[in-house]
């Protein structure tokens, strides 16, 4: 896997409590479990999200430099359901278009009494850089390049825990564009921290890690043996925007070789769950019958994403 870009002391205060969420590397099982437990407490017995006044004295700014539907909207809803004031910064018409440095823009917003920034950016490590030089606010990484997507990994862990109860003895397959996926990078870290030892990465060799210690994960370039008796299947899309044109697979050929079809899903355990971080490309990485089937928990992941983001915001604000 790639080199860790997170200096963990930046994420934690002297008491070991989270003040930023930049990535999951170096965070303990206790840290992750605390977030999952907090998120669970924000979901009622009917599966509906509770409202909270926890952040009613706070202002949160969303800075999304990459397109997003699920992540941006769930962060906004999470902040609103926690009673925070939310600002979606109009980057297309901001001073950044006049070549203002991002840190200067954020310092200006901080002077407007912003307490927390949610950042998505194509540059690996940018939220870490901002957290290092911008004091007095919390930084929440909503995805940086191919490096990390901590809240997606956490919401995936929440969804898994709701169905499987424990992470030990699980077999988890991650299928798709592994090398370009920040979801895979953070998800593997979360699974290992929570005790999962059978993690299987399934992808064409060109989309697989160049190197990965065999003691940590198993790598497959054939989907069928990789899926055998799995408890959880996480499907990833082809991230064409991050690929060199010559390396972009033919979609039909990819589906024929690596698409999750009902026949292939039948190789997993009968109670296996199917997950996808979205957006879904039907007929490329997953068959619609599987995406909409009774083993799919894709829409539950979206709801769980709001709960996780509420939990993280409240924890960062020292409200939990």
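Just so it is clear, glycine is given a Cβ too, placed from its N, Cα and C backbone atoms.
Model, not experiment: these values are computed from the prediction.
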Out of 81, 120, 264, which does Swiss-Prot tie to the same carbamoyl phosphate site as 70, 71, 149, 152, 278, 279?
120
Rounded to the nearest Å, what's the C-alpha distance separating residue 182 (L-aspartate binding site) and residue 152 (carbamoyl phosphate binding site)? Just drop the number here, would you?
9
Taking just the CA atoms, what is the gap between residue 237 (L-aspartate binding site) and residue 70 (carbamoyl phosphate binding site) in Å?
15
Please compare the binding-site residues 70, 149 by how many other CB atoms fall within 10 Å of each one's CB, and tell me which has the fewest.
70
Where residue 120 (carbamoyl phosphate binding site) falls in three-state DSSP terms:
strand
